[in-house]
Amino acid sequence: MAQSEYLFTSESVSEGHPDKVCDRISDAIVDAFLAEDPHSRVALETMATTNFVVLAGEVRGPDSLTHDRLKEIAREAIKDIGYEQRGFHWKDAEIVSHVHSQSADIAVGVDAAGNKDEGAGDQGIMFGYACTETEELMPAPIALSHAILKSLAEFRHGGDTSFGPDSKSQVTLRYVDGKPVGAASVVVSTQHAGNLSQDEVRELVRPHVLKVLPEGWMCPEEEFYVNPTGRFVIGGPDGDCGLTGRKIIVDTYGGAAPHGGGAFSGKDPTKVDRSAAYAARYLAKNVVAAGLAEKCVIQVSYAIGVSKPLSVYVNTQGTGQVDEQRLAVVLQQLMDLSPRGIRQHLQLSRPIYARTAAYGHFGRKPEKDGGFSWERTDLVAGLKTAFGA
């Protein structure tokens with residue numbers, strides 16, 4: 001039986017969080033390869049700690065992207081985020097590259113040849129989700145958590161020196177009859193200038209929270225937590241070691257939907273961990289946008305070297321207006337879910353990934369250059385026609 005009233009929480013982390021610094025660097029390198037050769041293969045991991053960055057992974061692409069060029073790309077990403085502190089500075093951080101060529105065994109099993117279609121780059125399961133809680137058809141807790149941190153980042157990039165790049169947010173919403181009605185608590189931890197007190201930071205953060213929450217949704221004052229430890233001056237990779245791919249729930253639905261376990265950043269779009277998760281979101285969003293359900297979970301699965309998905313599962317969580325099995329069939333008629341089909345349909349072989357590395361891969365606006373193409377709702381007409389809606 002569904003609960004009539006409950007609390008649900010999601011968190012976000014900023015572009016300056018140590019793990020997000022690594023995601024940004026990894027995706028900037030993916031973009032660099034795709035910009036020169038859209039057929040590049042990239043699996044790039046980054047580690048960042050006190051003034052030290054390690055690049056590692058496997059690539060196949062243009063020779064112009066040397067180790068020195070990869071280091072430059074990493075440095076540019078750190079600069080763009082805004083790190084100019086003693087323990088982590090874009091100018092003098094030591095950056096080493098241990099990137100090497102992709103395994104020939106993987107290439108043979110995955111690449112298309114002759115009459116053989118391109119196979120998936122690995123086995124795995126991927127999920128997509130959409131719901132009617134926000135205009136972006138995203139769960140409200142993660143959408144609001146992202147929005148708070150984006151507001152802080154815009155303030156900082158505008159020239160204010162009160163905040164540092166590293167911050168986190170967490171929003172707990174109260175639900176009644178399955179709908180969010182207000183915030184029960186809000187937590188914001190943000191790196192700040194050393195001369196600011198906790199109370200001063202609290203009042204600087206407050207307007208960014210109020211701007212984001214719908215009117216009347218602000219939590220009780222005693223449930224509004226800003227820097228609960230009292231001080232947050234040392235931040236970023238100088239405070240905690242960062243790694244690519246460690247914020248997969250922040251990147252997706254904030255825990256409101258299942259996750260297959262595969263991270264996105266650092267992977268070119270032939271990797272189904274990334275491309276199939278984007279496709280699953282695209283399909284789920286179109287189902288909800290078409291009015292066929294208020295909630296939609298889609299799971300797809302793949303095997304390495306096999307071009308078609310092994311399974312496609314649709315669950316509208318009791319909100320559907322149509323048969324779920326038929327919906328799964330129709331979705332596969334509207335979109336080729338082979339790795340190549342996904343990449344072509346969503347035009348993913350473009351340098352569009354660095355921008356995804358912070359504030360969520362989903363719930364963003366489609367961009368003219370093809371960025372966030374998986375947020376389009378151009379299947380709505382086809383779905384309505386198929387179901388006579």
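Each residue's number is its place along the chain shown, starting with 1.
For all residues, glycine too, the Cβ spot is worked out from N, Cα and C.
The annotation in Swiss-Prot ties His17, Asp166, Ser167, Lys168, Arg231, Phe232, Arg246, Lys247, Ala263, Lys267 to ATP, and of the candidates under consideration, Asp160, Asp240, the one tied to the same site is Asp240. Your range for region 'Flexible loop', going by Swiss-Prot and the list 102-112, 179-189, 322-332, 377-387, is 102-112. There are 21 other CB atoms within 10 A of the CB of Glu45 (K(+) binding site), with all protein chains counted. Of all the binding-site residues given, namely Asp19, Glu45, Glu58, Gln102, those whose Cα is no farther than the 10 Å limit from the Cα of Lys247 (ATP binding site) are Asp19. Counted over every protein chain shown, other Cβ atoms within 10 Å are most numerous around Asp19 among the binding-site residues Asp19, Glu58, Asp240. In sequence order, Ala43, Gly121, Asp122, Gly262 are the residues of the chain that are 6 or more apart from Lys271 (L-methionine binding site) and have a CB within less than 8 Å of its CB. Each residue contributes its Cα atom, and for Arg231 (ATP binding site) and Gln102 (L-methionine binding site) those atoms are 44 Å apart.
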